[in-house]
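Novice: Mind having a look at this structure? Questions to follow.
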Amino acid sequence: MAYRIDRQAYAETYGPTTGDRIRLADTELILEVERDFTTYGEEVKFGGGKVIRDGMGQSQQSRANGAVDTVITNALILDWWGIVKADIGLRDGRIVAIGKAGNPDITDGIDIVIGPGTEAIAGEGHIVTAGAIDSHIHFICPQQIETALASGVTTMLGGGTGPATGTNATTCTPGAFHISRMLQAAEGLPMNLGFFGKGNASTAEALEEQVLAGACGLKLHEDWGTTPAAIDCCLSVADRFDVQVCIHTDTLNEAGFVEDTIRAIGGRTIHTFHTEGAGGGHAPDIIRICGESNVLPSSTNPTRPYTRNTLEEHLDMLMVCHHLDPAIPEDVAFAESRIRRETIAAEDILHDLGAFSIIASDSQAMGRVGEVITRTFQTAHKMKVQRGPLPEDAANPRGSRNDNNRIKRYIAKVTINPAIAHGIDNHVGSVEVGKLADLVLWKPGFFGVRPELVIKGGSIIWAQMGDANASIPTPGPVHGRPMFAAFGKALAPSCLTFLSQAAIETDLPNKLGLQRACIPVLNTRTIGKAEMHNNNSLPKVEVDPQTYEVFADGDLLTCDPAEELPMAQRYLLL
């Protein structure tokens, strides 16, 4: 006999289902469940007197016969491809199924077999996202990794050697010696990692040497001289070795203007960092480059979103990061040329239009490594408040009930798009079968601010945890702490290190004594803006050289700075 349960009681028991709506944190962003892969009346849930018990939701199947290692029950998956309710099956550190979990001996339509060897994680009432990817890291200190992990980031790509003056300014790990040491250091860090070599050279030999030493990409930075000759040489090496090139262009226009840089790039794929320009790049019009089909444009989070404090804080940050002297007028003028309210305001709107595809941190070098996801969804909130629903959301025949298209656009900026840009999307960047089980569980009220649980390679690596001497896990002080996957020999199989294919073919991991799985980056040279999910628009962008006003397809792009933001002091005391 069927039993009917009202919608609120159902959501409280099994999590929201199709048509239910959820607010993300304290923003104005409303998510609506698009589909439910579970079966009403056949839901699985763990606990005393509940379903996942021997002979009920738990089968007799062994692991050898197909039972999963872990099941996440009744999860609300938020990813670039959809917003769905489902059970998630994990096995051997990977996602093996998304659908309906249970016991196939007594229930039809089971996609995920629960057996005696299966652990259960309660996904009811939680949003599950892929671990975020921060593709603009200055590896200034190892403490960044824990801070990033605590925010929901599970992959970091960038360059550096520690707090060297070069690293403080540029995301480069220069030379084979330093790349080797950073790859060895990665062995003890609870994060997927990849390192960029220095790409600033006009001849190829030193760049090839770095790729063969394990660099997963090359970085062109103006502080090392991003000339047209260096751009052309670096891209030529990248094309031969299939690694990505990231670029911070010439703010002072000493070696050429933005037109010269576009000409030097020559239609080849390139990831442009802080494409608005406050983080560096041709003043005042580097932002134009986001309209090029071969360019993968990203932002760094200090300008995300545009607020009443954005301009003021940037000057001091810039002086410190780029080793400038406030007593030298030319250094001050250099800094001031990069900070323009008009282009920062336009950046908000270009993100909302899907013309900027990626958001990253610029960690400790004008960016905050623990705020990538927060700043991304603060930007989405600001645009919802100032610009209203996206046309795709407003076109909902039931009225503008949700912000699903906007939410999927912004989640893609910190997950799948940086993965595609850097050739690692076969392994990370989305909640899809076959991918590494790098997953983040959020309580909706804390979404984007403080994860409840971070799963890394199928094992829990970070979680909100109470007093270890308490009788139960929940008494305070509750805060994020590393879990067992971050320790001992469990760390290596839980994480990946990304290298060039050429380095792996020379047996570099064994030569360096690396224990972690070393994965080659692939398909970085044949992609373009069209491959950036939910963020592939190509407006014609123009900048007035006198007023710095930005136009896209002839329309002026401007917005007011935010006076206050969600996901801020309500959650964070410091």
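The backbone N, Cα and C atoms fix where each Cβ goes, and this holds for glycine too.
Keep in mind that what you see is a predicted model, and the values were worked out from it rather than measured.
What Swiss-Prot shows for this protein is this:
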| type | residues | note |
| --- | --- | --- |
| DOMAIN | 131-574 | domain 'Urease' |
| BINDING | HIS136, HIS138, LYS219, ASP362 | Ni(2+) 1 binding site |
| BINDING | LYS219, HIS248, HIS274 | Ni(2+) 2 binding site |
| MOD_RES | LYS219 | N6-carboxylysine |
| BINDING | HIS221 | substrate binding site |
| ACT_SITE | HIS322 | active site, proton donor |
| REGION | 384-403 | region 'Disordered' |
Novice: Including all protein chains displayed, how many Cβ atoms other than that of ASP362 (Ni(2+) 1 binding site) lie within 10 Å of its Cβ?
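Specialist: Its Cβ shell of radius 10 Å holds 29 other Cβ atoms.
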Novice: When DSSP states are folded down to helix, strand and coil, where does HIS136 (Ni(2+) 1 binding site) land?
Specialist: strand
Novice: Using CB atoms and a 10 A radius, I'd like the single residue among the binding-site residues HIS136, HIS138, HIS221, HIS274 with the highest neighbour count.
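Specialist: When each Cβ's neighbours within 10 Å are tallied, HIS136 leads.
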Novice: If we count other C-beta atoms within 10 Å, could you say which of the recorded positions LYS219, HIS248, HIS322 has the fewest?
Specialist: HIS322
Novice: Around ASP362 (Ni(2+) 1 binding site), which of the listed recorded positions (HIS221, HIS248, HIS274, HIS322) come within 10 Å, judging by Cα atoms?
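Specialist: HIS274, listed in sequence order.
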Novice: If the Ni(2+) 2 site is taken as the center of the Cβ atoms of LYS219, HIS248, HIS274, which further residues of that chain fall within 8 Å of it by their Cβ?
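Specialist: Nearby residues not in the site list: HIS136, THR170, THR171, LEU220, HIS221, GLU222, CYS246, ILE247, THR249, THR272, PHE273, GLY279, GLY280, GLY281.
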Novice: Cα-Cα separation of HIS221 (substrate binding site) and HIS248 (Ni(2+) 2 binding site), in Å?
Specialist: 5
Novice: HIS274 (Ni(2+) 2 binding site): which of the recorded positions HIS138, LYS219, HIS322 have a C-alpha within 10 angstroms of it?
Specialist: none
Novice: What does DSSP say about HIS274 (Ni(2+) 2 binding site): helix, strand or coil?
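Specialist: The three-state answer is coil.
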Novice: If the Ni(2+) 1 site is taken as the center of the Cβ atoms of HIS136, HIS138, LYS219, ASP362, which further residues of that chain fall within 8 Å of it by their Cβ?
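Specialist: Here the nearby residues are ILE137, GLY158, GLY159, THR170, THR171, CYS246, HIS248, PHE273, THR300, ALA360, SER361, SER363, ALA365, GLY367.
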Novice: Quick one: Cα separation, HIS136 (Ni(2+) 1 binding site) versus HIS248 (Ni(2+) 2 binding site), in Å?
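Specialist: The separation of the Cα atoms works out to 11 Å.
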Novice: Whole-number answer please: how many Å between the C-alpha atoms of LYS219 (Ni(2+) 1 binding site) and HIS248 (Ni(2+) 2 binding site)?
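Specialist: If we compare the Cα positions of LYS219 (Ni(2+) 1 binding site) and HIS248 (Ni(2+) 2 binding site), the gap is 8 Å.
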Novice: Which whole number is the mean pLDDT over the domain 'Urease' (131-574)?
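Specialist: When the pLDDT values over the domain 'Urease' (131-574) are averaged, the result is 95.
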